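> The structure that follows is given in the form of structure tokens.
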Amino acid sequence: MTINKSSGGDFILVGFSDQPQLEKILFVLVLISYLLTLVGNTAIILVSCLDSALQTPMYYFLTNLSFVDICFSTSIVPQLLWNLHGPAKTITATGCAIQLYVSLALGSTECVLLAVMAFDRYAAVCRPLHYATVMHPRLCQSLAGVAWLSGVGNTLIQGTITLRLPRCGNHKIYHFICEVPAMIKLACVDIHANEVQLFMASLVLLLLPLTLILVSYGYIAQALMRLRSALTWGKALGTCGSHLLVVVLFYGTSTAVYIHPNSSYAHSQGKFITLLYTVVIPTLNPLIYTLRNKDVKGALKRLVRKDSSTGKKILSR
């Protein structure tokens, strides 16, 4: 397939243009996935806000995660669908910069937010009697604020440094989004320092939160081993299992791209790995939390019954 030449300072997102048949399939799959992301995560936000039984720290953080996923997908998918559907593969310089800043901020926020959620699970399992005291509303708001500020701070530093690199007229991005690892490859200067900076930032925002998550679950496992109660194990798996699955999916894919951006695996499979954590995982998150969580399923049923009963009352008048 021929790719339209960029006009002026526009960038060309090569994406999957070398596989036109795959583009048609991906367009349908990505569109369905995006719609499910919007519906699933919006449902979790509404249920968590409207059901009084879910007014807890766990669901406060889950609401933040769902909002991040909606915004994260929206910063990437509409442009991806446009490029997959038609011959034009261009994105304006302003659009590329906005996508880079917003997606990087939200991705970084999710990294820290998942660590915060692990701490919440640690407090719930290891400090059950003091849980309400430890996870008071002000601390929850502060932890969520730290996650958002970390994301904003990281994107302002990394994004600005990346966009200021001289490109000497290079506008062809061999990816489907404007992402730091792909953007720095356009530079016509030595980018070793930038790659080191990207690696260090990735260590802080990927491996440090992951370490905190592993430590939290280490303490949780120790507490469960001491109790040796099947009921307690089942309850802990119900609340922690969903979070652990999301952590494995998100960190497993994003680490492959950001920790080793120059590895042969990241280079050849990078677009497909990125597709997983930008499109697929935001779709799976609400399904994982809903299917494995009796509280959310119960709240959804109560909300549906409430709406149906309200509708019947209006019709009977």
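Cβ coordinates come from backbone N, Cα and C, glycine included.
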> Do you know which of 172-191, 272-291 TrEMBL annotates as transmembrane segment?
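When 172-191, 272-291 are checked in TrEMBL, transmembrane segment belongs to 272-291.
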> With the transmembrane segment (98-119) as the reference, find which of 59-78, 199-220, 272-291 contributes the most Cβ pairs under 8 Å.
59-78
> Can you tell me which recorded stretch out of 25-47, 59-78, 199-220 has the most Cβ pairs within less than 8 Å of the transmembrane segment (272-291)?
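Answer is 25-47, with the largest number of Cβ pairs below 8 Å.
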